[in-house]
Amino acid sequence: MQADYVIVGSGSAGSAIAYRLSEDGRYSVIVIEAGGSDFGPFIQMPAALAWPMSMKRYNWGYLSEPEPNLDNRRITAPRGKVIGGSSSINGLVYVRGHAEDFNRWEELGAQGWAYADVLPYFKRMEHSHGGEEGWRGTDGPLHVQRGPVSNPLFHAFIQAGAQAGFELTDDYNGSKQEGFGLMEQTIHNGRRWSAANAYLKPALKRGNVTLVNGFARKVIIENGRAVGVEIERRGRVETVKANREVIVSASSFNSPKLLMLSGIGPAAHLKDMGIEVKADRPGVGANLQDHMEFYFQQVSTKPVSLYSWLPWFWQGVAGAQWLLSKGGLGASNQFEACAFLRSAPGLKQPDIQYHFLPVAISYDGKAAAKSHGFQAHVGYNLSKSRGNVTLRSADPHDDPVIRFNYMSHPEDWEKFRHCVRLTREIFGQKAFDDFRGPEIQPGENIETDEQIDAFLREHLESAYHPCGTCRMGDRNDPMAVVDPECRVIGVEGLRVADSSIFPHVTYGNLNGPSIMTGEKAADHILGKTPLPRSNQEPWVNPRAAVSDR
């Protein structure tokens, strides 16, 4: 089995790469995916988003090592094991990131990945329904929409932000990210619009793309060049030969794992695992970053939340309505309002993100209280804490060792304490007077720094945005794994393109920038001149130097 290009992983970036490499019909492409079909309502119905993330059938099901700053809890670290990868099991939220994120990438050595460079790729990939004119793409593969925003709690949240003195934004993926506004979703005609639906399935219809269901064991390297991928399929070990290049797009956990199993990584660690060193790249597995969040929950004194729909019977009614019409509550992820805020004066960009939900539920999907309620998922998104991914053994079937080192930087604690107090201020605004009941979580008695810290240690969870473990940078940077054209330094014919190459975590959910990475990487692989740089200047808050709002 062979093709011009072999891609490991059918996720956000891998699907986009397959689509672009196969576009003109010149090249053959094989996409290797360990997971199975994405068919069925658990994945395709937006409101069912909590299900695939908790199902072993669709998810690698990783756990972190005990996190010392979080009461030694092992934190859930899901990654998609299904066609479409994590874009098939995520929360369907679409955020490009802030302009400063990508300018920071370039400062860290990713030349050609500044905001002016990547904005044209965001436009190329988007089919935006209702975004800011001139800033959004309108004919790309990825449909992006807003929800119906029919619940009054969404409007109360946005009004509360304005009453607290914060900015409003008509399109946070346009010129102005900062402020309260409506959240965008990767949903089209009532269905999840994953990378599989947007990119991979259309590419498979061309006849020069083949999807292979198999488990990648290692990249085969001969004389310093990647020549194929060793996989397990139907109980046998096989080789998939790459006539031109191998592209690894296997996630921020599995991309470094596969490189290390192939002999690319920190030499001392590889030797400890009994793996022959092909390229000593100490940055493989290092620089792990993520977003954390907690749920701030409040009782609603009016019966307007989604609490009535939580019993199994009514969930079944919503599911049946979606199956028949692709409409109703099932056609939205229910994240329809949001905010992007700065925690302090002097910041160039927002660093706190809110997802607002018109129901109070726990991580397992059960009601947080026996009453109507609402909640905000609150996260500080520019943490300085760093972790790593290493091998557990040389056995490809062993899970990687994931150490996030969450909350290991003192600033993280300061910022998250601020998040708790800021959310109380927002929920305390006049707009919520008709809805606000008792505080469920953290609880009205949680006030001091010590009490808030104890709450955070017990309740902080991952927002499932890992990145950075195969960092992109200058070829002379010893910690860089790939150069700005996504080529693995020290090995010919091998690239990595997914969220693992991000030099720094972006501000927001990672599906959007991961797809953009695949789009831009495809041009590099094909040797195309990058799209012309944009000269559009994003909005800058004129009060940023003196105010946090």
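Just so it is clear, glycine is given a Cβ too, placed from its N, Cα and C backbone atoms.
Keep in mind that what you see is a predicted model, and the values were worked out from it rather than measured.
Swiss-Prot lists 4-33 with the feature FAD binding site. Long-range C-beta contacts of Ser12 (FAD binding site), restricted to its own chain and to partners at least six residues apart, with a cutoff below 8 Å, comprise Gly85, Ser86, Ser87, Ala195, Asp498, Ser499, Leu510, Asn511, Ser514, Ile515, Gly518.
His465 (active site, proton acceptor) falls within neither a helix nor a strand when secondary structure is assigned with DSSP, and so counts as coil. What Swiss-Prot records for His465 is active site, proton acceptor.
Feature annotation from Swiss-Prot assigns region 'Disordered' to 528-549. A Cβ distance under 8 Å defines the sequence-distant neighbours of the region 'Disordered' (528-549), meaning residues of its chain 6+ beyond its ends; these are 98-99, 112, 115-117, 119-121, 124, 134-135, 164-167, 175-178, 341-348, 520.
For the binding-site residues Val8, Ala16, Ile32, the ranking by surrounding Cβ atoms (within 10 Å, all protein chains) places Ala16 first.
For His465 (active site, proton acceptor), the nearest of the binding-site residues Val8, Arg20, Ser28, Ile32 in terms of C-alpha separation is Val8. Within the same chain, the residues at least 6 positions away from Ser28 (FAD binding site) whose Cβ sits under 8 Å from its Cβ are Ala3, Asp4, Tyr5, Ser22, Asn208, Val209, Thr210, listed in sequence order. Cβ neighbour count for Asp4 (FAD binding site): 16 (other Cβ atoms within 10 Å of its Cβ, all protein chains included). Arg20 (FAD binding site) falls within a helix when secondary structure is assigned with DSSP. According to DSSP, Ser28 (FAD binding site) sits in a coil region rather than a helix or strand.
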